[in-house]
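Step one of this worksheet: look at the structure below.
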């Protein structure tokens, strides 16, 4: 996807560090500029490239200060082929007749060994690194892998290597040469080998390598350069968006014919149609003209299947819901009609709270009426996409590509070892390697994350082949080596024990290296900074300056190759702070070859990899640019940066996003997701959501960390409607759904609000206008004026990257299901079986451009395109926007958990997590994302579910009041009803029994346990009286006064126990969120004592009111029991502040109430002698 107008310039090189600058929109040129990191003596090559001498030897020599300007050509790649002819704007022009296969390998080797930096108003620079970590790896895909030195005199570069790590020798004389020297030799006329001084021979046009890629036409020859730059990968057509046009008949537009007749390429993962015998040729049975045989039985096999809940469970469940709703209506009617004249205030508060609870319960219960289960058939998926067929005679994988996003922000809070294990589990996934790419977003720009990822990439060359060889599950090494049980179970290879022992030793060394990285980086940086200070002091003395003058030497953070880290420094400096650093991209693992690469039994290998594919998926480190004064939108902004970067570099039509602590527990999870997308109707799915499963939670799940009621009850129920909500991780997206497009088919679901709302017509017109804009982009325009309008609209929507815009129809086409019986908008079989194009420097330079901090200005990113901005819970809002456009989603529950992560088991951490979720829900309620304003494409019950998402935190207001009512009843001697008659008790019993029966049936069809259901009920009260209440308070302050308040920890206590997995469970961290629950507990405890004493010492005791008050107080205390247990810590070590609050509140409440309302029968008011309080 590289722009043909890219250029390459060089600004200086030091030992193991070449600094290339790539600007957009200019002619290719090479220039030298001063750089603090690139000083020393250099030599100039024939192409204008500078190669430095030894760093130590050049420190005492004079620095070259002359400036030069030379022309250089970018090497020939399948994505950039204009070098076959003259290029306008270059002086002089060079005609290159080299083997494009060698040039492509050299370019990809250069990209994988270069760290690219750049951003707003700056030149994109490529820093060639000799090493990224202290120990170098040996895998050929690994960045900065070991290699032999270039044979050119004075050059310290590495020779060109192939996919196995073997040397690639462009000349018959077997002269070793690096990529840069190879370019230098090609710049001469004619191109000659530096070794034998003979001309390079032209590439064989019939070679398999050259036939794998097709060249783009040169600019010129009746081709508009501006339009050509906008399309890049599309040929001989004026409508690139035709790929996205939804045709109802196959005769209107044939993708196969277009691919063959134009010899076009669909970007990474797709290339040209392979056969050359004509679309309508008569001869042969495997040509384009041969009609594929009809496999009716095979095509009718579904990839997925709905498993309905048994009617014996679902019918009574629905009946009980109706019965309870009727009983609630009758009960509330009875409560309103029967007042309590003795305590109208108590009666009024209780009735209002009960009405709200009934309303809240209905909002929560209605979306649960249609729960379903789903299953996938992976064998059918393999038969359709990975077995030989007339359209795919080689049996290559025809599955679409997947880009995996892993988000990380702070290595101090998110341990690099955890992130590394997540990366390793992704790289070892059971999915076609050439179709899988992994991107790590380091939003903190920390060198620690960078080097930890480099270590993980190095260890993956051992771990991934080991997992494939022995079919390991799970593929997170930390979890795998901690699994209990017999590791040899179901293992057939006799060398398994030996291999496991060796890999375990390597993993232990890997962990030690990761744990030692912070100290290693600090020591290295201190040494280099001291060296720079000595050099500056020596220069100061030689120049005759005042030795007492203070030197201003920045305390930089240094990389392993002895250069400045372009991201955040340990001691923040100018343009090197957490919110002020350049964008960084490093390809840690180069894209794998298309052909399998089998290992060997070489003694240097850790394990015998004979007959094991040792290729690795592409792995990329990304840190977006950050500058002061820009709103970077936290995680949502980082995810959108990854969307654009991946579109340029790999452009997988599907995206999986994971948090850094959520790893792939089921290696087949990606295939399960593809079953839904590739099945009939899969083109209407925007995402497939997997449930979140957690490890490290205490066995009793004291604070409902597993959240099974939500993930196994609510989400399954939503799957029967329009689909589950997006929960932030473990979700596979359709890329084009993130781009803001509407689904190919959708239905309108008008409700009462849309019928009555006067703006319904305006919204419909706006939707039609948007549909026309999308139709225009899809290439359905009829003249050049519409094309010009389209070109003007695209930058406003997606930014000014032509490469990104050109990738959109490619992703849309690749994400379609196969053409089949009953499948609309399908793609031809075998269209995704050809190799993807290799990466080049201009592609990565374009990727740097799209992660700059200014790129999203005046675009629709964060508004309609990508992850949505403006809310703490950007995940829920993003999913809501997709459902609001008519998309559907699917909930995929696999037998073996797809992903597993960690959850906070500490009480305070859990409350702050719930606080963030509730705050986001309040923001949603007060924003245009409120479900009340949704479009008619959102189903009614789905609208109810999203409405409940924004309303549930407000229940905390009524819950807090209701939790105080039993105490107020005991203090006053009154009750919420005038008297406990049989009618009230029957209503109360019916409501309680129906609730319990509903819980039992939910347990039946969801698979959870009653204990999990009860834990959820308990934490609903704990969170409702603490975090939810604080979230509502924050929301009102933000809306009314514009004040943004956050509750943070005020003091922390550490656990002393070592080796206790659940030690953090007993750590008590005081927070202001704890005040309301503590007050409620103490008030009810004191009220029970006061009420009991009042009735004992009363002349006319009213035991019915006492029993009612005590019962409801015990109901409140039983729900808050886990909270009270958490305050006690381990062995009753309760913080002193809890005792102070308890004693203070107990004394104040008891004395104040007895003084205001003395007991009946006392002879004097206040504290008279006739009454003594025990």
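Cβ from N, Cα, C; glycine included.
Features reported for this protein in TrEMBL:
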- 443: active site (ACT_SITE)
- 875: active site (ACT_SITE)
- 407, 413, 414, 443, 634: UDP-alpha-D-glucose binding site (BINDING)
- 635, 659: Mn(2+) binding site (BINDING)
- 33-49: compositional bias 'Polar residues' (COMPBIAS)
- 21-65: region 'Disordered' (REGION)
- 944-965: transmembrane segment (TRANSMEM)
- 977-1000: transmembrane segment (TRANSMEM)
- 1020-1049: transmembrane segment (TRANSMEM)
- 1070-1091: transmembrane segment (TRANSMEM)
- 1103-1124: transmembrane segment (TRANSMEM)
- 1136-1156: transmembrane segment (TRANSMEM)
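Least crowded of the binding-site residues (413, 634), judged by neighbouring Cβ atoms within 10 Å of its own Cβ: 413. Within 10 Å of the Cα of residue 407 (UDP-alpha-D-glucose binding site), the following recorded positions from the list 635, 659, 875 place their own Cα: 635, 659. Residue 875 (active site) is 12 Å away from residue 634 (UDP-alpha-D-glucose binding site) when you measure Cα to Cα. Straight-line distance linking the Cα atoms of residue 659 (Mn(2+) binding site) and residue 443 (active site), rounded to a whole number, equals 13 Å.
Spacing of residue 414 (UDP-alpha-D-glucose binding site) relative to residue 875 (active site) is 20 Å (Cα to Cα, whole number).
Taking residue 443 (active site) as the reference point, the recorded positions whose C-alpha atoms are within 10 Å of its C-alpha, out of 413, 635, 875, are 635. Rounded to a whole number, the distance between the Cα atoms of residue 875 (active site) and residue 635 (Mn(2+) binding site) is 10 Å. With a cut-off of 8 Å between CB atoms and residues at least 6 apart in sequence, the same chain places 726, 727, 728, 867 near residue 875 (active site), listed in sequence order. Neighbour counts of Cβ atoms within 10 Å were compared across the recorded positions 414, 443, 659; the minimum falls on 414.
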